[in-house]
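S.K.: Structure below; questions to follow.
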Amino acid sequence: MFCLDNVCETHNNFKRAEVKLNAMPWFHGKIRREEAECLLQPREDGLFLVRESTNFPGDYTLCVCYKNKVEHYRVIYKDNKLTIDEEEFFENLSQLVEHYQKDADGLCTRLRDSVPKRGGLEFSVDSKAFEKAGWVIPLADLDFGDCREVLGKGEFGDVRLAWYRGQKVAVKILIDSSKAAQSFLAEASLMTSLRHKNLVQLMGVVFDGGTICLVTEYMAKGSLVDYLRSRGRLHVTPRDQINFAIDTCAGMAYLESKHVVHRDLAARNVLISEECVAKVCDFGLAREESFNLEGGKFPIKWTAPEALKYHRFSNKSDMWSFGILLWEIYSFGRVPYPRIPLVDVVKHVEKGYKMEAPDGCPSEIYEIMRQAWDLDPEARPSFAVVLKKLESFLKKFQASANFHTSV
Ligand code: ADP
Ligand code: MG
């Protein structure tokens, strides 16, 4: 479910608001009445949850504890609105819950605490929120040309090149699938709130029948890992390496300042623009800190041990991944932990094993990697601190380069 924030901004001459994703921790999906009653313990007045109605598909049921019993209220869908009493109508479940949290308004009691769903929050998909906020692009405004060039393959579908208002854009296409649509729109809604020169910018969202597209700025030079691999030691200069590290770190420091955790930081999720600026992309897994990733495919070699083991994702677990990303930059795109089979990586890492410095990697940079790979998340530096270190390293580097050229 989305609600609109009041923050407006101007981009491409039209005003757009942030589309905020509203998690519904109290929404348990299709569970039976008996299961709901089991979950509602201890029976304190006002303890509640919402489930999908099993008897009336499409409707919901609000289950509330009162005087040691559970009351089940049917929430019906009527004229695109939700209602319990056919007097008060709501656009979405979040609004309904909010209303009855303020006032019992005919229910047995006011809603108080909720029973949160374990393992994965639910969001509902609402294209209207994007429309209202000014983020919707009509499909007809995108010109795919004849070639329909595929820029890459994403988890949900292809990423294609198109023209939009005279500029090249990347279009990530999701073919009809309601489950994936939720994560896809969650990614989009998060992107509406983020704006930084080192994050791939969202331009808009297309809704066309069952198809949803994310339109982002076009990053002409592709992913950082491909860039490093294809050009290699001969063409990627030490100056490029430090620039990529600083760009990525600046994008991450911005996310850190916004308390957004990326969860999938890796050189494959950093893209390079025509001007060689590195930008972080793929917010598919970036969520509020409480989000519980279940059944997700973990990028094991990039994920901090506490995140792998206990799902403890944080800006500090992103810092661990940043250490791996630095290693990728300085090894020109090698796969981390070479020669260690994937199944053994965790075992080694938990014992404190750290990769060696790649050939020719400056000691200052390797020191950052080592700090990022501290088993204690709290002992790892913040992105803000690492950014300062990288910038002062760049200054030193430039000074010595000037020195060399002037003699
Ligand atoms: P997923 O979330 O499925 O991993 P990504 O956002 O990482 O999808 O995109 C997959 C690939 O598509 C990238 O590795 C890159 O090659 C290409 N790609 C994605 N976005 C862009 C873009 N804005 N410009 C150019 N290529 C892109
Ligand atoms: Mg990706």
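Every residue, even glycine, has its Cβ placed from backbone N, Cα and C.
The following feature annotations were taken from TrEMBL:
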{"type": "BINDING", "residues": "LYS172", "note": "ATP binding site"}
{"type": "DOMAIN", "residues": "26-115", "note": "domain 'SH2'"}
{"type": "DOMAIN", "residues": "145-394", "note": "domain 'Protein kinase'"}
S.K.: Using all protein chains in view, find how many other C-beta atoms are within 10 Å of the C-beta of the residue listed as 'ATP binding site'.
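M.R.: The Cβ of the residue listed as 'ATP binding site' has 25 Cβ neighbours within 10 Å.
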S.K.: Would you mind splitting the domain 'SH2' (26-115) into helix, strand and coil residue counts from DSSP?
M.R.: 17 helix, 29 strand, 44 coil
S.K.: Can you work out the mean pLDDT of the predicted model over the domain 'SH2' (26-115)?
M.R.: 91
